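Features as listed in TrEMBL:
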type     : residues  : note
TRANSMEM : A:28-46   : transmembrane segment
TRANSMEM : A:58-81   : transmembrane segment
TRANSMEM : A:111-132 : transmembrane segment
TRANSMEM : A:138-159 : transmembrane segment
TRANSMEM : A:180-203 : transmembrane segment
TRANSMEM : A:234-256 : transmembrane segment
TRANSMEM : A:268-301 : transmembrane segment
TRANSMEM : A:313-330 : transmembrane segment
Amino acid sequence: MSATTQSPTAVGSRTPSKAQRLLGDRRLPVAATALLFLVMYGVGLGRYQYYGFDEPQVFLNLFIDNSYLLVAAVGVTFVILSGGIDLSVGSVIGFTTMLTAWLVEREGLPLLVVIPIVLAVGAFGGFLMGYVIHNFEIQPFIVTLAGLFLFRGLCLVISKESISISDSAVSSMAEAQVSLGMGFLSVGAVVSLVVLAVAFYVLHYTRFGRRVYAIGGNEQSALLMGLPQGGTKIAVYTVSGFCSALAGLLFTLYIQSGDPLHATGMELDAIAAVVIGGTLLTGGSGYVVGTLFGVLVLGLIKSIIQFEGTLSSWWTKIATGVLLCAFILVQRVMTARKKT
Amino acid sequence: MSTNSRWRALTHHHLFWPVAVLVFLLLVNVPFTPDFFSVKMTGGHLYGSLVSIVLFGSPLILVAVGMTVVIATGGIDLSVGAVVAITGALACSYISHQADQNALSGVLLAMGLGLLAAVVCGLWNGFLVARMGIQPIIATLIIMVAGRGVAQLITNGQIITINSDPYKLIGGGYWLTLPFSIFVVAVVVAVTVALTRRTALGLLIEAVGGNAEASRLVGIRSRRIKIMVYVFCALCAAVAGLMISSNTSAADGNNAGLWIELDAILAVVIGGTSLLGGRFSIGGTVVGALVIQTLTTTIYTIGVPTQTNLVFKAAVVIVVCLLQSPKFRAKVFGAKFGARFGAKGGAKPAVAETDTAASTDAAPKMEVS
């Protein structure tokens, strides 16, 4: 708690040893994740350098292939920072792909009209969940679980079969590339990085961001301080719904189809990325930049498994679980140390 | 006067609402399938909608009973779906490697292996929650994510099909004219109820759920109890996993028990167990699981397209949670509830009124969304 506030003045009164101060630093988990990413990347370079792992495009592909996960994880970061949880992310993504595909293909609406509609639907869904969570004091876990069922069900109501998108606007947008000299990024990757930057600004430089941290840190204190707790909570879930819908759009661009089973279980990937990125699940502590590294680590696991060739896809799940476990235990040790 | 008080006692019983929902759902079926309640005897086996509801609902009942005990200690177990998959995968892959798949010893060993794996998972969850003090949602998330990978690793990513008569008995066989799984469920439920309500165990579990620290100071070994409930929950999930894989004679690491944790939590909530812990009702959970299964069956029989199943479920979760939320009741039924507690003579009409209000409130919502 005190690590950030007391550093200039407290040196004289009670000098904690350097190691202690380092362990108490909130940025440590993010640094650890970044280090892990670098080590993994280095190992990948050593192992597969003759297979083209050292090409810059392989690195950029991490952003391209995980753009939707990054956007979804940013939304989840807001929710987890505020001390809640959102299980509906994967379903909202699936629903968005379905709705977009249906509106574009079956109803013939232009993509530019569809995008705002879809984003509004996602944000409204998040708003509804936040409203119920705040006003009726039902646990976020259960409310967003209902959201998970609802949106997955609505996918199936639209169509049981997958709808492939052949609209020229969608495919030209999906194939558009932003050249960076040494490689290129897709539109989705650029959008996801913009979302990350906006989230960074909002969380660290605006009043709303401080409220999110305050409520996550201690809801009771935030209430006693007179912070508009209800509005913030609802806003946090609205942000998450909006981000999920945006992630759904990016996913649609990436896959160019809508399927009722798209992104099943992606809420777990998003939560895992946030946790690996060093955000405390109890809320109030963490950085959205950590989420970026969490997503990159998960993405890197996938590409290493691709490069390995002999490993099967389920190793991704096992590796994710092991990493999740390691980071949760590290978090636990750190918070225990801070209390004493 | 006496009927009045008896009626009040009935509506205030903790099982009243779950049972009312169940009866309502069952009655909805009658106009669509007139012989819904009839049970026929064909070839020495009992057939009928009611029998199949219990048969197909039995894995869910098992998982939900385990989940109830975990939730009673203030925890939650998300890993049950993965445990279902692991157990089925282990048992089926062991049997498929046997020379004689019908050998009883091999089948028993396979089941033992599956149960052992579940105990390990449960111990791990319990260790993380009780010893390391990690939030239960997160601690069990680890096995939920990694477990499915392990299950696919065991089955090599394929669906293992087996052909074993003794193994088929657990999930698809018949005994004394009834599906065998019904007996398994009955035994598990009876043992659980006996252990928690005839011994002090139930009280201890509720004490831990009410306040773990206080119960430890009183002298309850709260950590040990927490570990125990996670092991029990994993064991229940393992039996359910054996049942599911035996019913289909196949193990599917990817899809077996998918989302069963969510259904189980839903069943527990419908059954009236508070997610905050501290009190629980096994009976309510069984009814809750039956409600979910009946809902699924009803959707099939009344000819609603099956894909709306999930939307219905979502609507039910929302309605049930809203009805359980004290704040919602105070806001919506505030005046009526006041009248009910104020005027004692007119209790019955007031209750009937809220009853219809609740059901009409529920009905259009289910259709709209």
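Backbone N, Cα and C define each Cβ position, glycine as well.
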Non-local residues, at least 6 beyond the ends, that sit with Cβ under 8 Å of the transmembrane segment (A:111-132): 86, 88, 92, 95-96, 99-100, 103-104, 138, 140, 143-144, 147, 151, 167, 169-170, 173, 233-242, 244-246, 248-249
Between A:28-46, A:58-81, A:234-256, who has the most Cβ pairs under 8 Å to the transmembrane segment (A:268-301)? A:58-81
Paired segments the transmembrane segment (A:180-203) and the transmembrane segment (A:313-330) in contact, 3+ CB pairs under 8 A: no
Select the range from A:28-46, A:234-256, A:313-330 that forms the most Cβ-Cβ pairs under 8 Å with the transmembrane segment (A:58-81). A:234-256
Same-chain Cβ contacts of the transmembrane segment (A:234-256) under 8 Å, 6 or more residues past its ends? 65, 67-69, 71-72, 74-76, 78-79, 81-82, 84, 86, 88-89, 92-97, 100-101, 115, 118-119, 121-127, 129-131, 133-134, 140, 164-165, 170-171, 173-174, 186-188, 191-192, 195, 208, 212, 262-263
